[in-house]
Amino acid sequence: MILYSAENVLTADYVREMYRIHNMVASIQITNSKGQRFNQSDLCARVPALGGKQREELLKLKAQLFPGRQLDLEVDWSLMVDKRIYYKFYSSMPTACIDISILEMWGYSNATVFATLTDQDVINAINTIKLSATFSYPMDFKDLLGEVTYNSSGQVVAARTALTHMVMQVTRARIEGDVTNQAGLGEAVDPELFAWEGEYLKFLGDVSVTDGLEFYYQAKRSFSEISESTIFGDVFYLALGNAILFIYVQLMLGKFNMVENRPILSILGMLTTYLAVIMAYGLCSAVGLLYGPVHNILPLLMIGLGVDDMFVIVQCWQNLDHQERQLNLRKRMGQALRHAGVAITVTSMTDCGAFLIGATTVLPALRSFCIYAAVGVLTLYAFQATFFVAWFTYDQRRVEEKRNGLFWCYKHKDWEPNKCSQVDLASQFFDKVYAKVLLLKPTKVLVFLVTAGLLVVSIWGVMHLRQYFNPVLFIPHSSYLFQFLSKLMHFYPEAGERGTVYFGELNYPQELYKIGALGEALEKSKGVASVTSWYDLMVDYTRKDIGEDIRGKELNETFFQEILSSFLFSPSGTRFQSYFHFDGNLTIAEPTPRVTACKFDYQHKTIEGRNEQIAAMDEVKQLVSEAQFSDMAAATSFIYSSWETNKVIMEELMRNLCLAMVAVFIMTLFLLANLVASLFVLICVILTLVSCVCCTRHFHDVNVT
C-alpha cells in the first residue's frame, strides 16, 4: 500500500506523480534462483479487464445494435448485449493487475490522458466517475481519500491523502518452505513474491517525489523485516550489556591484584548461561515444542539467574570460617557448596516450579516459552553445580599457586597481595553501615511506614492497571512502517482491521439467504465499518438480468448454479471468482460446479481499548453462530489472535500468579523446613509483584500484554 499526502492531492501534478511511481513500481523486476525473471505483472492478483480497447469495441457494437441512443460508459455489457456475444468478448478479454487507486478513474494504458490532465479535470473526475476504467466494475473513489473538503453543493474540492492498494497473489506451487518471514514464526512464503516486495520497499525508500507531495508505504513483509532489523540493531546493546555485566562479575568475583582477579572464571561463569540456553533450545526443539518470537528473551532471563548463582557460590566460599579454611581444596569446596547448595537449589527449584505452573496456560506460545524456561533453569542449575564449580576449583588452585589471573601459565614469584585488594568495600558497607542502621528502632519504624505507604499506593495502581496490546508498539517510531500506520489511522479512522467470514460445504441454494442476512447484520454491527459481500451484488445483477428477485429466498440447485455463473462472469462479479471454491472447474457460459466453500470480507472500525476490541470480535462471531449454517462458518482476522489473547490474558495472569506463589511457598517450605521463613519469602514475593511490577506498569503507562 502507498499513502500519498499533501495539502491537496487532487491536483494534476500530484496525480501525474502518482502515475509515474505506479509505472516505476510496475517495472521492478527480480530474478529467482533458477534465472527466471518476475515483475509485478507476473506476481499480482489478476482479474478480467473489461475496459480500455475491450470497452471501445463494445461501445462500437452497441452503436450498431442501438443506433441513435446515447452511449453510456458505465453500462454493464453482460446485461446490454446477447450473452453469447458477451461471452465471446469475455473469452478473449485480457486480465490486469488489481490496483485500487484514484488512477483507476482514467486507467493506466493511456499516458496522454495524464499528460494533458488539469486540476479541474481531477475534481470533475472524483465527483462524477463511478466505474473503474480498467475493469468496468463500480468503484467509489472517494473512499480512497482522506480528510476530504466539500463545497456548499456537497462536491469534493480537495483532499489531504489518497490511498493506493496493490493486490499481490501468493502462488502455492512456489511455496517450498525454504524461505520464511523474519518474524520468528517460521511462516513459509512465496519466494518470488517475497523477493519482489523487498525490491519494492527498497525502491520506495530511495525514490524522490515532487515538492509538496509526501508518500508512506508498506508491504506484507514490512513487519517481519523491521522486526528483524530491530533485533539485529539491538545486538550492539546486547553486546554492550554483556560487556558491562562481565566487568561487574569480574569486580565481584575477583580482587584488585594480578593473581586474585578472575577474568577467565567470569567468562566461564557467564558461558554456563549460554550453554543452558542452547541446551534448552535443543532439548525442547527435539521433542517438537514450538519456537516463537517471545523465546528470544530467554537468554536475558537466564543470564540474571546464572550470575546470581555464581555470586552465591563465590560468596559462600569467601564466608568459610577459619577452621574450614584449613581443609584441603576439595573439602573446602564441599563446605562452600554445603551452604551455597541450599540457596541455589531453592532459587532454581522455585523458578522451575513457577515456570511449570505457567506451562498450564491455554496460550500455546506462552506454554511453550514456560517449558523452555523451566528446562533452561534446570540445565543452568546443573551447569552451575558442575561446570562452574569445577572451573572455580581449578581457578582457586591457580590462585593458591600464585599464577597470573589472565595468563595461567605464568607464575608470580614471591608474590604478596597488596593491602588495598584485600578490602571488600561492599561487604564492609553492608556489615558495618547498612545492617547497623537498618536494625535501629527508628529505621525499623520508617521501613514499615514506607512499606505500608508504598503498598497502599501500589494496590491503587494495580486496581487501575490497564490491559492493552497493539502490534504497532513493537515498531520503532523512526521506521517507514510506523509512519505509514500512523498516517493511515489518522486520515482513515474507519479503516480498521480486515476480517473474512469463511463458509464450508453448505447447502448453498437453500442457505444463500442466510449469507445475505449475515452480511446485513454485520453492516449494522457497531464495530464493523463495511462489508464487501458478493450477495447484494448478485441479487441486484440477477434482478436486472432475468427479472427475478432472489433476496431472502431458497433456490433450487440448478437455478442457483446458473445465476451464480452469470454473475461471476459479469463485470460486477468477476472479481469475486476467487471467493469461491468449486468441485470442478469454473467454465464460462456453463452452470457452476457444486460450491464447496466460499467467503466474504468485512472491515472493522478503528477500535481502541481491550474491552471494545473483544466486544467487536465477539459480536461478529455471535452473529455468525446465530445464523445457524448447516456446515462450518467462521469469522476470522489476523488481529483476532491478539484480541483472543487479550480476552483470556488477565484471567490467565491472575491464575498463574496465584498458582506460582503457591508453588513458591510449597517449594520453599519443603527445602527450608521453616514455616515462618517460608511465609516471609511469600510475603516478599507478593510485595515485589504488587509494588515493583504491577504498580510500576501503571505509573509508567505500561500495559499488560
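Backbone N, Cα and C atoms are what each Cβ position is placed from, and that goes for glycine too.
Per TrEMBL, domain 'SSD' is recorded for 234-394.
Per TrEMBL, transmembrane segment is recorded for 235-253 (among others). Long-range contacts of the transmembrane segment (235-253) within its own chain (CB-CB distance under 8 A, at least 6 residues past either end) are made by residues 261-263, 265-267, 269-270, 303, 307, 310-311, 314, 426.
According to TrEMBL, the transmembrane segment annotation covers 265-291 (among others).
For the transmembrane segment (297-317), the list of distant contacts is 242, 245, 249, 252-253, 269-270, 272-274, 276-277, 280-281, 332-333, 336-337, 339-340, 343-344, 347-348, 351, 369, 372-373, 376-377, 380-381, 384, 388-389, 392, 396: same-chain residues at least six beyond its ends, Cβ to Cβ under 8 Å. Among the features that TrEMBL reports, transmembrane segment is placed at 297-317 (among others).
Long-range neighbours of the transmembrane segment (337-359) within the same chain, counting only residues 6 or more positions beyond its ends whose Cβ lies under 8 Å from a Cβ of the stretch, are 305, 308-309, 312-313, 315-317, 319, 366-367, 370-371, 373-374, 377-378, 380-381, 384-385, 389, 656, 659-660, 663-664, 666-668, 671-672. Residues or ranges marked as transmembrane segment in TrEMBL: 337-359 (among others).
Residues 264-265, 268-269, 272-273, 275-277, 279-281, 283-284, 289, 291, 295, 298, 301-302, 305-306, 309-310, 313-314, 317, 329-330, 333, 337, 341, 344-345, 348, 351-352, 355-356, 358-359 of the same chain lie 6+ residues outside the transmembrane segment (371-394) yet bring a C-beta within less than 8 angstroms of a C-beta in it. The feature transmembrane segment is assigned by TrEMBL to 371-394 (among others).
What TrEMBL lists as transmembrane segment is 445-462 (among others).
Sequence-distant neighbours of the transmembrane segment (657-690) (same chain, 6+ residues past either end, Cβ-Cβ under 8 Å): 342, 345-346, 349-350, 353-354, 356-358, 360, 451, 455, 458-459, 462. Residues annotated as transmembrane segment in TrEMBL: 657-690 (among others).
The predicted model assigns the domain 'SSD' (234-394) a mean pLDDT of 85.
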